[in-house]
Every structure is written in structure tokens, then in C-alpha cells.
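One structure is given below, encoded as C-alpha cells.
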């Protein structure tokens, strides 16, 4: 196994240009493929997840042209993929697997969808159940309620659709993006509390950019009017990834700063932008512009405080919340992260993985179905700890912050290629001994 040794660094300061948002990139790719016309996409995230989506769209007959390293031309299929039979391998990309499952179920074709072993452990039953309510014919090829899947041609009849909201917002997002293809009105009724609501807001905003409207009644009912067609907006610039911003902003809060991220700011449509609220609650100094954010340690404040522990509801920032778990090691007191049940079904069981690795560093950790409670050690963090990353990009990036307190070894550092291939180069560029 490969590893990366990060030496102790005393200071974090500098500027980072963020890669494109993963959530926006894969939504925009899919909507561009479904639209009438050609869409030019700038600042598309270059990563394993977006690569899986691009490969799938090409196999489905979508014309994709790369003009340079930062622009793609996607010629849409006007709502119908020309290829009616395909075997798609989607790795561990939930932002590709879930929406494509929904869209392909309405394509009157025969498709196989599979991924890496971990993808086959991530539940998809709630989405399949919802699609079956409109007539989709989907078969589980191995285990009930989990990928891989086989999708068969079917007659689709939109109706009221009931879907559980407590597992993954990607199920609802996938349904929303797919239903306009049916051409008839449809209503989605959410059962229970919808988690990760900002991601659904993001989906609706991107759909509107392509000319399709969704009516929302609170977070319980979503109406997709009939006779709507996706139209290319012409050009799209993908804003920077707010989840990726969290590591650099946390570094500034822990180790002096200022650290500035460019590409995302006050005007962002991403829910993870609210990570800065947690940092401010911990005492960090935050400045924001329309498309940039800057963080510094509490020492920049007149009261001279250090970072302090927080009790924080993370429902709106499920990915960036992981960064709070490692930041908590540099705060005074016990930090509690709540409403993180979705961590269990991500790239790994993140509650278990995070608890295990934090304990290696000397932290006291208490965990439950939907919370994590972290108390940093009284003594210094255990030096030269070997951190396992579980093939989870966010585990690797979160634990890079440990180098701001002690040397650390990160196993399998290349797992960051899922969303941020050059993360460690950018991280080391803003950290100084």
C-alpha cells in the first residue's frame, strides 16, 4: 500500500483556487446530455466521479468534446438517449449511479448498472421502490435493495410517488431530474424528514437553469409540471467545490491563516458553504466575498480566544461536517456533531471509520446512529499515527489537518482522486514549517 508522510507544520496561510463542485459538475453533465442544444461547460471538476459520468454518457450516445483542459462541449439528446442497451460501470460515484438509475428507468431501454464492491453495499432500494411506482421495471442482480441493477424497457405512468427522505437526498434529486422526461405531471411526496436539503435545492436550481421548473411545498411535496423540456443554457461555469473548501478554511482556523479560497463564496448555491458558520461558532475569523472566503485563527480577534468546542446540527453539511471532526482535535472541550446518519452509507461507514482513526490519535470518541462526540486528548496528539483512509477521499483530506499538530502518515493518499486529484499539492502549498 502506498502512503504519504506529512511533517509537522506550524502555520497555514495562502490562497487556493478550488476545483469545480462535484455535485454541480455531475448534475450539469447529466442535464446537458438530456437537453436540446449544445452546452459549453467551464471549470468542470476533473475527477474519478465526473469521469464515470462522462464515460457513461458517451456509452449512451451523447457527443462529448473536450476543447481544452477546462472546457467540455456536450450535445444533448433532447430527452432520449440513442443507445438503448448498455452495460455501465460507475465506480463508487453516487452522484452518477443514483441519477442515472432514475433517468435510464424512463428511457425504454435495457441497461446494466454496476460499481466497485463498496457501491454494491450502498442502499438504493428507496429509489428503486419509487421508480417502480411509475412503472419502471428494475431487477436486483445480487442482493435486494442494493446494486448492481438491471433496468428493463417499461411503460411509464407518472403519478403520486412516495419516497423516504432519511437515507440519501440523491434519491430525490435523481427522481426530480428524471421525471420531466415522462412529459406528464408528477408529484413526489417525501416520507419522514428529508436529509441534506441543500443538495435538493441545488438540483432544483440547476433544473431551472435548463428551463424546467419544480414546485416545492415545504420539504414534503415536490410537483414537476408536465410538458417541460430541458433546453441548453448555452454556457455554464461550475463554481468551486464548497466541500473541498472546508479543509483549507479549517487549516486557516487551526494554524493562523489567513487562508483564502477562490471560486466559492457568499453567493454560492451549495449547502456546504454553511461550514463557515461552524468555524465562526468555534471562534475562527471569517471574511467572505461573492466568490471567495478567508479564514484565520481566533488569535486575530481582540479577545484572543482559541478554538472552542461546539454542538452542531450537521444535516445541511453532511460532507463538510467530516472536517469538523478532525478540527475538533484542536478545540477546547467536547464537540458534538449531530444528524450525520447519512455518513453510514457514504464511501465507507464514516462514523465508524472516523471514530477509529480519531482514537488512534488519543481522542475520546463516543458515537451513535446519527452523532459523533469528540474530546481531544489532554496530552499532545499521538505523533506519526498511521491513518487508514478506507478508500474514502474525505477521510484522507480530513486527516491531513492532523499535520498542523503532529506528523502523520496517510495510507492510500491517491483515493483523493475521487474528487480532488491534486489535493495534497495544494494543501502543502499553504502549509509552512
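Each residue, glycine too, has its Cβ placed from N, Cα and C.
As recorded in Swiss-Prot, the features of this protein are as follows:
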ACT_SITE  319  active site, proton acceptor
BINDING   22, 94, 122, 170, 350, 394, 418  phosphoenolpyruvate binding site
BINDING   22, 23, 27, 168, 169, 170, 196, 319, 346  3-phosphoshikimate binding site
When you rank 22, 319, 350, 418 by Cα distance to residue 169 (3-phosphoshikimate binding site), which of the recorded positions ends up on top as the closest? 319
Going by Cα-Cα distance, pick out whichever of the recorded positions 27, 196, 319, 346 is nearest to residue 94 (phosphoenolpyruvate binding site). 346
DSSP three-state assignment (helix, strand or coil) for residue 418 (phosphoenolpyruvate binding site): helix
I need the most crowded of these binding-site residues: 22, 394. Count other C-beta atoms within 10 angstroms of each C-beta and give me the top one. 394
Rounded to the nearest Å - Cα separation of residue 350 (phosphoenolpyruvate binding site) and residue 196 (3-phosphoshikimate binding site): 16
Compute the C-alpha separation of residue 122 (phosphoenolpyruvate binding site) from residue 27 (3-phosphoshikimate binding site), stating it in Å without decimals. 20
At the Cα level, what's the spacing in Å between residue 394 (phosphoenolpyruvate binding site) and the residue listed as 'active site, proton acceptor', rounded? 8
